[in-house]
Structures are given as C-alpha cells and as structure tokens.
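Annotation source TrEMBL lists domain 'Major facilitator superfamily (MFS) profile' at 93-501. The feature region 'Disordered' is assigned by TrEMBL to 1-21. Residues or ranges marked as transmembrane segment by TrEMBL: 94-115, 127-148, 160-180, 186-208, 228-249, 269-286, 316-333, 353-372, 384-403, 415-435, 447-471, 477-497.
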Amino acid sequence: MSLPVENPNQKDGTFGISRRRSRIEHRPTEFLNELRPEIESIREEYESNHDIKEKNEYYISSNELDNSGAPSFADVSNDSKIDNANMIPPKRSIALILVNSIMSDMSFGVALPTSPSYTEKLGGTDAFSGLVVGIPTLISLLMLYPMLKLATPKSAKGYTLYYRPMLVSVFAHSIGHLLYCMADQANWLYLILIGRMMNGIGFTMFLYHKKYTTDKLLVGPNRRTFLATLNILAQTLGFMAGPFLGGILAKGTKNLENRVWNQYTGGSWFMMYIWIIFGVFLVIFYKEVYPQDDRTVLEKPVDVEENTGPLSLKHIYLLSFLGLAAFVSYFNISGYQTSIPIYANNLYNYNAYQSGNFISLAALVISPFVFLSTFLSRWLEDRHIMLIGFMIGIIALVLHLVLDALHRIPVQAYFVFFSIMMFGFSIGSAPLVSLASKQMKPKYHVLSSVLFQVGLSLSNTVGAICGGAIYSMTTVGFIGLCIGLSVVAFLQSLTLWNSMKLKLH
C-alpha cells in the first residue's frame, strides 16, 4: 500500500489556508465592505474604554478620610461625584464655626438690655444707644475687603482660609469687650462706641459663617441648605443667650458700686473671658482645608472661568434681590431687638433684666422650630423655604401694626408677634446664600456672599438706629417701615420665581 506523497508547499494545509485568507483580504468583496464599519466601531469602543480605564486610575483612596470624617474634594469617577454632592468639611471645624457664630451673636446681643441705661448714665441718648448696637456691623462692612484679602491669598489657589478671620475675631472681640467695660471707669461715653467698633472687626466673621456652610469646595450641593440653616439656628441660640446673659448679670450686679464690674459691664466681662477660652480651642482643634493634599491624587482641574461670560441682566436682578432680602430680614430682626428695651419699658415698665429675658425667651421658643426647619431642604426648594418665611414674618408684622394702632397690645401678644416675626425672617433668609451658589457660576459665588454680607451689615446698623429711635419715628411708622420693605422684597421674589428653580453650577 503506497503512502501519499506530501506536497512541500502545502504542509499541514498552511499554504491552502494562507492562500484562502489572502484571497479574502485582498479581494474587495461585498462581504468585507459590509463588515468593515462594524470592525471600526468595535476598535473605537475598545480604545475609548481603554482611555476611560486609564483616566479612572485617578481615584480617591481609602486613606482620604481624615480623623474627622471629611472627604477629599476631587471630582473623579461617577461614584466620587455622588459622594461630592453630600460632602462636608471636617466635623470639628464645622463645630468651631458654629460655636463662633453663636458667640458672635452673643457679643452682638449682650449689650441690648443695658445699652440704653449705660449710655444714659454717661450722657447719651436713645438714638446713640441704637448707634452703639448697630455700629459694629457697619465697621464689619468697611473691614470686609481687607479680611477677604487676608482669607484668600494667592497661595490658597482659590480656597478660603477660614482660620485667619476666626483668629482675628477672637482678638477683636476680646479687646472690644475690654474697652466697652472700661468706659464707666474712664467716664467717657465714646469709649463704649470704640469698644463696639472693635467688636465690628470681629463681626466680619458673619460673612464667613455663611460662606463656610455653602462653600462649593467644602460642602456638596445636597448639604448646603442644611448647614446654612444650622448656622441660622446657631445665630438664634446666640440671640437667645446674649441678651439673657446681659440681663441676668445686670440683675445680679445691680447693687454693686464698682465702676469696673457692675450691671452695665458684667456681660461684656464674661464674653471677653469666653472669647479667650475659645481662642485656645481654636488653635488646638481647628482643621483647615488646604488646596493641596498629599494623600489625594487629583484629576486635572477644569477651568470653570474659561467659559464663564459676564453676568446677565437676569443674574444681576437676582443678586439685587438677594441683597434686598438679606437687608429686609435683618433690618426687621435687629430693629425689633434694639427697640424692645425702650418699647417694653414705655408700655410695661420693663427693666434691663426683664427686657433681656423677653428677647431670650423669644429666641428659646423659636429655636426648636428653626432646628426642624433644617430638614425642609429635603422636600422643599430654597425658593419655597424663603417665600414661606417671608409670608410668616409679614403676617406677624401686620397683626402687630393693627393692635399697636388700636393701643391694645398686651405683653403676651407682643411677645408672640415678635417671636413669629423673628422665626419667619430667620428661616426666610437662611437659604439665600445657598440659593445663589446654585444659581450662579462658581466665579460669582464670592460676589454673591459679599453682597449678602453688605445687606446684612447695612441692615443691622440702620435697623438698630431706627429701633433705638422708635418713638421719634412713632411706633406705627417703625412697624409700617418694616412691612413696606418686606412687601417690596416679597413682590420681587415673585417676579424671580421661575428664575430661582434649582440649578447647579
């Protein structure tokens, strides 16, 4: 039986296969023409997936969580974007910011019960008493630009260094309270004013309380309204504690004849010591967030200002509204707080201790409701919260005006109206900065925060002066002014209603 002879050119059939392949590859058949687009599509998809895989090698490692639980601030993969929407700064830093907010409002309010009698003793008038209460926020407005330069140096690369203004606030408040206390010993009326002006330098922190809780580099969009409302709660607690402290220490030291520690200065001495203690805690525990972190590999940042044009007319109108809304809210609150010792003394013969308790009790009553309002952001948009707050405040003002005009305003009704008014405008002003951060491009976030602070500073100064001169303006005139400003802001919000829908930039 003869064996088949192998063809050396066709060993194992390789020649036949390669020849067939050659025919398929080089012959422009209809079959290949149909498959070629699909082959190209598969190749492009593979290359795209390969690039994405390389890009996602920039990731957030598990070491990014520091001891306080603060996440990194890089926008990387889809998972990190979800985390960034809920990110918060270091918790101990949030706590110190909120404590600073409480103490700042305590320093603002501690002089309310005793300011009229203190200035009267040294030869001042009720209007001067209102100026003593309101001048600090005007000084804070003048110091705003230097503080912005201090807190945002070029080395920060766009981040705000909050530790610096906080440290300045500690020194300013400590010195301010000391000078305020020494005015009686020096028997010089204007030393009260100088001391309060030093407090005004510390009150520049009012801007940074709001900015910290809505900072796009520190706080995710889902947490901004919540933290901003927590800051409003801290302010409410400060409004409660400050006048109460001033009133109770005035009562406890009423019979002292010491010109250094007496019924007029006890509250300020106490606040000076508290600020010094807070400064120690600040140096030890505050954790600053810096622009670079060796533990995090960041993706190349996107230049958000590249495609950001000038402000549109709609955004300019929106910013003007936010400034007006801030002014109206705090004008009403500050004006009422300053007028209470004078108004209540005239109608109900209240002394400094009773006036302080009146203001403190109102803040205590609304505190739980302000706290509960922090959760409204889960179900309501910022514009809804703002509108509800303004409506509540306006209703309380109108009812107070009617009863005051009829000269039938018992102390219980006055207390209820003041509490409701303060609650309404507190929650109405809470989402303003958060709303601006969601509507405006990141380039204009600082501008919106500064505009809000300008409105707040002017309102506290003008409101305190008007509240101190409540009987010069007449009570009906003062309340009517509050209503008129509130209605203007309310109507302007309606014209911007559709423009204030939730947007994230």
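From the backbone N, Cα and C atoms, a Cβ is placed for every residue, glycine too.
Unlike curated entries, TrEMBL annotations are predicted automatically.
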Report, as numbers and ranges, every residue of the chain located at least six residues beyond the transmembrane segment (477-497) whose Cβ falls under 8 Å of a Cβ in that stretch; write 'none' if there are none.
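Apart from its flanks, the transmembrane segment (477-497) reaches 317-318, 321, 324-325, 327-328, 331-332, 335-336, 339, 383, 386-387, 390-391, 393-394, 397-398, 400-401, 404, 425, 466-467, 470.
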Do the transmembrane segment (447-471) and the transmembrane segment (353-372) come together with 3 or more C-beta pairs under 8 Å, pairs six or more apart in sequence?
no
Hey, does the transmembrane segment (228-249) touch the transmembrane segment (415-435), meaning at least 3 C-beta pairs closer than 8 angstroms, sequence gap 6 or more?
yes
Are there residues at least six beyond either end of the transmembrane segment (228-249) with Cβ under 8 Å to its Cβ atoms? List them, or say none.
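Residues 97-99, 101-114, 209-210, 213-214, 263, 266-267, 270-271, 333, 337, 352-357, 359-364, 366-367, 370-371, 373-374, 376-377, 422, 426-427, 429-431, 433-434.
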Report, as numbers and ranges, which residues of the same chain sit near the transmembrane segment (127-148): CB under 8 Å and 6 or more residues beyond its ends.
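Same-chain contacts beyond the ends: 108, 111-112, 115-116, 118-120, 165, 168, 176, 189, 192-193, 196-197, 199-204, 206-207, 334, 338, 446, 450, 453-454, 456-469, 472.
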